[in-house]
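Below you'll find the structure, written out as structure tokens, and then a few comments.
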Amino acid sequence: MNANKDERLKARSQDFHLFPALMMLSMTMLFLPVTGTLKQNIPRLKLTYKDLLLSNSCIPFLGSSEGLDFQTLLLDEERGRLLLGAKDHIFLLSLVDLNKNFKKIYWPAAKERVELCKLAGKDANTECANFIRVLQPYNKTHIYVCGTGAFHPICGYIDLGVYKEDIIFKLDTHNLESGRLKCPFDPQQPFASVMTDEYLYSGTASDFLGKDTAFTRSLGPTHDHHYIRTDISEHYWLNGAKFIGTFFIPDTYNPDDDKIYFFFRESSQEGSTSDKTILSRVGRVCKNDVGGQRSLINKWTTFLKARLICSIPGSDGADTYFDELQDIYLLPTRDERNPVVYGVFTTTSSIFKGSAVCVYSMADIRAVFNGPYAHKESADHRWVQYDGRIPYPRPGTCPSKTYDPLIKSTRDFPDDVISFIKRHSVMYKSVYPVAGGPTFKRINVDYRLTQIVVDHVIAEDGQYDVMFLGTDIGTVLKVVSISKEKWNMEEVVLEELQIFKHSSIILNMELSLKQQQLYIGSRDGLVQLSLHRCDTYGKACADCCLARDPYCAWDGNACSRYAPTSKRRARRQDVKYGDPITQCWDIEDSISHETADEKVIFGIEFNSTFLECIPKSQQATIKWYIQRSGDEHREELKPDERIIKTEYGLLIRSLQKKDSGMYYCKAQEHTFIHTIVKLTLNVIENEQMENTQRAEHEEGKVKDLLAESRLRYKDYIQILSSPNFSLDQYCEQMWHREKRRQRNKGGPKWKHMQEMKKKRNRRHHRDLDELPRAVAT
């Protein structure tokens, strides 16, 4: 395909006499609507930052001028509050309104540490400060907090108790402790932690350079302090790991079987080759692991890991892999042992850029951990399936009195179990997605997915999982997964939302089901975003059904939030098919009160004119029809050398008298067609225009009108000749041109008034006809 494109470019440079035709071809290819399945990958609704502010569905945190880099969030649904970790600051915010009565703690790094950090060559603004990376609930009244401390991690406790009906929000500066192996040194390093039973489980780097990575357990009740970490001497365990998520997931109803699962990516080297690849992994350890008795002392004795596969199967048998895990989200189910695992992955290739979402089941993950182990003779060998004897109890099994009364803790494990786990921590089989491949993917776009949260929504026609996907350019994609026949899935992109004023990578997202809000952090700000904006879809039943948004339904008067209820109500919604014809039985009334926009446009013969028509839905296919003057029949307009269809409307070059008439812009989604714009075009004959021009030449009105018309015609030619020049840029240019024109009008008038004040010093004054053209008009 690239070779063909190069040939076309070469031909265009050689055959310059074909330039106008090639311009027309490139314009047509650039702007013609995309049809078929590709349309479904286009967000149906695209809202800018300004649109979100106007709809009151986006609230930016305004107290952020004192601290940036908002990558740590702790959601407290029960008390309706949000803790925000930033640069040198910790904020306590309300889930209802981020800017209402918020509190803050200023916690900078020690001055001597900042100076040492600078001497080490680190950046004073982006590295040599105290970036808050750990916010974990320690108990009902305290939060455990850690910061990078200018590459010297430090931890402490925040008091969140109540005193005289007022919330205490205070850092205990008298009980600060080292944050090594609890918090990363580098504020940009991927990191994961979870607190359970007053134990902190962390995946991070243990040194200044970030080379030694470890998964650790620290803290705990004062009477039972067990510090455990991965074995640094065994490179099979972890190799440059980047930790993404850590979770407590019970395996059975027996609490002795409780495990901590952690997700990460790491480097891997196969055989004697020097090439290293990035692989995504899931690992697990037992909560009751206290290390070995004679070997692996204060090291995990139940550590296992397996590969996570997220790939697109190729027709030739070669898969396309998304190997770099970026984020993990666990969607709760009724069974706390079996949450649905959602993962965001990206490609490692600099040529083939893409992102994907893969979904896994805990049953499949457990099956891999209960399967065969991988074996490697030495660093120069490849991983193979281990076929030897497996010691008892099975390595990776949690000690339990019900399993074996003689093994009460990991210190009771036989030596052969400890020796086996040191060399065989990798499982031979990999974990594959439940769908066999990605549930959602984005390929060759100008952004990558970075974050994900998922909401399970009950709609009128079923239950749906709605994904909110953050990107590295500060946008959020709202995607619904729809089950089709034969176990096929359809992914519909409902919205693309620009939640930040300027492009900024999304670092963290938290979902509040009670508030129906998303809380999104980036390096430049924090935003509170509503899960739904039903009123933006339109004012008709058809618009609401076409949206296919599980959150929204037609209530008879408007598109509003759908709430499941036992009462019988006339709520119309069709998420599965998006067919308003079956849902909106009073469809004619629904469309009639919508009323398409009607405008009258005048064009000058032999000049060009543009008929604007921008559908609200980007998934709609536009067709143009004309009803010529004196004719009752409508005919569809086909593009040719004079008529060019663009994504913004219809460009008609060299207007003719026969072009006069009523133009209908119709949008089609699925089987539903409706008119969104009616335009009456009146073509003024060139001879008539010249007569008018001569009659009004003294005032110069028509002259300016023609100049503006010719200028715009030249601009359209510029759009045709430059594929990189969009209509958005044209409109921006026209806006600035109008501003300059108004300033030019106002400036000379003011200057003229000043001259009138000084008329006693002048003998003659200019007449209006002698003034510059900008004033005369």
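Cβ atoms are placed via backbone N, Cα and C, with glycine included.
From a predicted model like this one, the values you see are computed outputs, not experimental measurements.
The disulfide bond recorded by Swiss-Prot for C310 reaches one of C358, C398; that cysteine is C358.
For C117, the partner cysteine in a disulfide bond according to Swiss-Prot, taken from C128, C146, is C128.
According to Swiss-Prot, C286 forms a disulfide bond with C398, chosen from C155, C398.
Candidates considered were C534, C584, C613; Swiss-Prot assigns the disulfide partner of C552 as C534. Helix, strand and coil residue tallies for the domain 'PSI' (533-585), in that order: 15 helix, 7 strand, 31 coil [DSSP]. Within 10 Å of the C-beta of C117 (disulfide bond) there are 23 other C-beta atoms, taking all protein chains into account. Taking the C-alpha atom of C286 (disulfide bond) as reference, the shortest distance to any of the recorded positions C128, C146, C534, N607 belongs to C146. Within the same chain, residues at least six positions away from C665 (disulfide bond) with a Cβ under 8 Å of its Cβ are L611, C613, I622, K623, W624, G649, L650, T675, I676, V677, K678, L679. Each residue in the domain 'Ig-like C2-type' (592-680) has a pLDDT score, and their mean in this model is 89. Ranked by Cα separation from C155 (disulfide bond), the recorded positions C310, C398, C552, N607 are led by C398. Spacing of C398 (disulfide bond) relative to N139 (N-linked glycosylation site) is 26 Å (Cα to Cα, whole number).
For the domain 'Ig-like C2-type' (592-680), the DSSP counts in helix, strand and coil order read 4 helix, 48 strand, 37 coil.
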